[in-house]
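Everything below concerns the one structure shown next.
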Amino acid sequence: MTTTAADRSDAVAGSRAPGQRAREGRGVATTAHIALILWSLLVILPLVWTLLSSFKTSQEVLGNPLSLPSALRFENYANAWTTAGIGRYFLNTVIVVGSALVLVMILGAMCAYVLARFTFPGNRLIYYSMLAGLTFPVFLAIVPLFFVLKNLALLNTLPGLIITYVAFALPFTVFFLHSFFKALPGEIYEAAQIDGAGEWRTFFSVMLPMAKPGMASVAIFNFLGLWNQFLLPVALNTDSKNYVLSQGMASFASQAGYAVDFGALFAAVVITVAPVLVVYIIFQRQLQVSVTAGGVK
Amino acid sequence: MTTTHEAVPGGGPKRSVTRRRRPLTFDRASFMVVFLGLPLVIFVVFVVSPFVQALYYSLTDWSGFSAGQNFVGFDNYVRLFHDDIFLKAVRNNVLLAIVVPIVTIVLALTLATLVTIGGSGTGTVRGLRNSGFYRIVSFFPYVIPAIVIGLIWAQVFTPGSGILDALLTKIGLEQFENYAWLGDARTAMPASMFVMIWGFVGFYMVLFIAAIRGIEPEVFEAARIDGAGRFRSAVSITVPLIRDNVQTAYIYLGIAALDAFVYMQALNPGGGPQNSTLVMPQQLFTTAFTKGQFGYSTAMGVILAAVTMLFALLVFTVNALTGGRERKVKGRR
């Protein structure tokens, strides 16, 4: 597979005329651009249409889907935020996802650190059972989980939802961070010990800061995963004042049927999508790096 | 992935970890209890125990909150194999697990190839100019919650007010003036598959772009010099060399397709016309939380888990049988 510089230059001399190749290259590039532009349009058009529809009245939405809104009706946003409860769901989501994210990052890092850097009986067993936890479908657990939460009086409460989110995000977090902690050189740990740092101190002041790149990647992954979560809240959090955004959106769209305020529905979609899209555009490079780092494993 | 640091001579965090026994002080004891114990308790209570309980419940006739439960052995499973609606859901899931990954991977690979080796130029194989834009845009759906993707497309497909019928009518296809894409048993499933694929492609495109960029440029150059065109390079070089990534993608996508709950709930909460889009998780959810048949629904969960495992096993086997290992070794050099 390796080509030396010598055969390379030989082969280039013997290949087709450079002009012909350049022309062919341009043709391919143009075709590639066209294909990619078509795909991009397929991605963007529904989103643009949603944005435009969010400024329309229900009549306009139902009457002519292709028309531009006759006026920018921001009251749709007000209606979605207050009447449909999107504001409340938004706040709930921020509380639940925020707390779960902080907790799972701390607990996950601690657990991964111990599993990666200490030997004790059962270490492998714990690690592999966490891996198994990653592969089993949540649906299998959902009914018993309902009763676990019920027995702990955590059903339909935000703390109950938070702790469930933490539990189900834990295996992935541990799995991902395990390799980071494993790769840290052992000399650093020993140096910290010699300097008199205890185990706690070593972890928080030395090891954790060194795992920062890994932590950032997992945090992004977990954030998106938790923000997207649908099954757990729908099954375990059925009190409508505790709804998170995803389930609030679903119930808003389904409950009213054809009497739904279409302008407000589209506005609610925009409210849900806009913040993540803005965050994504700002951090897209970092995010794509994390995704490729995490996804290929 | 782990090969790199093992190869470092003399290095090896492993050795220092196991070097000696440390005395048990308060610092160490409290450390182990909190660092390992706390996460484990949460994991065992909320993840492990429900999974284990599910296996037991699936063998009972537990039917409600107050009623007790009797051990009924495999009755639930026997009943499942005669439950036409559930079997329809299984078939739909299997169809999804076949079609969605294949289409998504082919599309994602094509787009990734166009971005990485579609550039113009004479000498080396070059990436496309301004490809950053396409990458950013294609990745959009990944950050949009799946439920919202479903809701947006449900609106797009709605007859009368949706943009799809309006566009089709505008270009002269009058027969689609009031066509209910999700309300017709012939198109409900393809339309739903399309929505899932729309949601997945960008993510896998980014993964494949990274994988292709990881291939040594000399490999492409050598192929080009040997007279391989871009298409030939893509088929004979790119695909075999990123085979592992494709396999991983296939498994993730298959598992996502076996779930499909969120998308289907958004597009057709009732399971679609003649149950044409009903999937196992939806049926499980209704059986449990609407009908209260907990024993029966956990049996569905066990079947779902079994199908998922079977699917992953199948992908691994097929990949191994078609020579995945050898090529991997060659690819890694």
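Note: Cβ is positioned from N, Cα and C throughout, glycine not excepted.
What TrEMBL lists as domain 'ABC transmembrane type-1' is A:90-283.
Summarising the annotation, TrEMBL assigns region 'Disordered' to A:1-24.
Within the chain carrying the transmembrane segment (A:31-52), a Cβ under 8 angstroms from the stretch's Cβ atoms is held by residues 65, 68-69, 266, 269-270, 273, all 6 or more beyond its ends. The transmembrane segment annotation in TrEMBL covers A:31-52 (among others).
Annotation source TrEMBL lists transmembrane segment at A:89-115 (among others).
Per TrEMBL, transmembrane segment is recorded for A:127-149 (among others). The list of residues near the transmembrane segment (A:127-149) in space but at least 6 beyond its ends in sequence, with Cβ under 8 angstroms from a Cβ of it, reads 115, 155, 160, 164, 168, 170-172, 174-175, 178, 231-232, 235-236.
Here TrEMBL flags A:161-181 (among others) as transmembrane segment.
Same-chain residues lying 6 or more positions outside the transmembrane segment (A:256-283) and placing a CB less than 8 Å from one of its CB atoms are 47, 50-51, 53-58, 60-62, 73, 76-77, 79-81, 83-84, 86, 90, 220, 224, 227, 245, 249. For A:256-283 (among others), the entry in TrEMBL reads transmembrane segment.
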